[in-house]
């Protein structure tokens, strides 16, 4: 009974520490950021899983580092650099995926590496102390400022409006692009629009878990949801809810045990995915 009692006591202590931490603005910002990002991941991540666009999403995430390098080198907000650069690279990768379907993996891999290389070189060439470079790679949810929460909320609204306007069209190109073509839908333009939405979501998620682990938070909740629901709106709702749970649990564990928040969130999500596979079988 003693190990169980110690475990219960440790859990109570962790909960008390989290309740106390909620008094501070940085923790409140972290919770709000988790909710906003989880919503975006559930909505866009579902289409990533349905369309099997995980590799493109990973390429966009890593290529965004080139935009961060541009921001440092030319002395403007690296986040805006990541937005613009990832959007351009996403459209390029989407065009490659549509035009060169047989060789797209290789070409996307080259663009992935190119973006990272540009970012690393520009940061190396930048003079002065670069304090927060690591936060873009590994995430720093506890340092998200309040003004960026408004940016995240705006991006969430943009994604919701986009899906409201083009939901049926996105479904058509996801499940039967040939039928979509016969219905005179602009399949290529719709595909590039979806890729652009992925780029915007990547930059949002980057602030929580970092570029290295962005793709996990985008795909794991949706992949779990896809095993148990077949309706896309339900998949989006479940994926968003799971993302919120993973972020909340990961944030609590990282704060209690002084661990990296981004890595802890992804660890929680990965364990949940493995458990879901076991139950599925």
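Glycine residues also receive a Cβ, built from the backbone N, Cα and C atoms like all the rest.
As recorded in Swiss-Prot, the features of this protein are as follows:
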- 30-50: transmembrane segment (TRANSMEM)
- 54-74: transmembrane segment (TRANSMEM)
- 76-96: transmembrane segment (TRANSMEM)
- 106-126: transmembrane segment (TRANSMEM)
- 153-173: transmembrane segment (TRANSMEM)
- 198-218: transmembrane segment (TRANSMEM)
- 235-255: transmembrane segment (TRANSMEM)
- 259-279: transmembrane segment (TRANSMEM)
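Of the candidate ranges 106-126, 153-173, 198-218, 259-279, 198-218 contributes the most Cβ pairs within a distance under 8 Å of the transmembrane segment (76-96).
Taking residue pairs at least 6 apart in sequence, the transmembrane segment (54-74) and the transmembrane segment (235-255) share fewer than three C-beta contacts under 8 angstroms. Comparison of 30-50, 54-74, 106-126, 259-279 by number of C-beta pairs under 8 angstroms to the transmembrane segment (153-173) places 30-50 first.
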